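Have a look at the structure below, then the notes.
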Amino acid sequence: MGRCDGEPDCFDRTDEQNCPGESALDHDNILLKIVRSLNHTCSNDAFLCGNFKCIPEESRCDGIPDCDTDEIDCCEGSGLFECDGTCLTDDKKCDGIMDCGDGFDERGCRKCTQVR
């Protein structure tokens, strides 16, 4: 938790208001974030998070959120899908058991009727 670190910790974002370098025009810190991103890079063995924090590349997609974006799009193309922020195997889709809180894993499933 920190003041003026680019990550709102308070629900009303007061910890990110009136920070050094912030202009009156960037109410939601948009301008400040763009300026920081233009000048911010990480080393080749690090991942640049959406909040401009650098984390070790091996921390990306490890199932442990280290920043705001390191666990996003980690399930794509690997026999996995994202459910409530975690990856589940494709066999959990359409298995009749709602594994995702929003029911995503059971949506769009074809129900077959038994032929006699």
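Even glycines carry a Cβ here, placed using N, Cα and C.
A disulfide bond in TrEMBL ties Cys94 to one cysteine from Cys75, Cys83, Cys109, Cys112, and that cysteine is Cys109. Looking up Cys42 in TrEMBL gives a disulphide bond whose other cysteine, out of Cys49, Cys54, is Cys54. Per TrEMBL, the disulphide partner of Cys49 among Cys61, Cys67 is Cys67. A strand conformation is recorded for Cys87 (disulfide bond) in the three-state DSSP classification. Sequence-distant contacts of Cys67 (disulfide bond), defined by Cβ-Cβ distance under 8 angstroms and a gap of at least six in the same chain, are Cys49, Gly50, Asn51, Lys53, Ile55.
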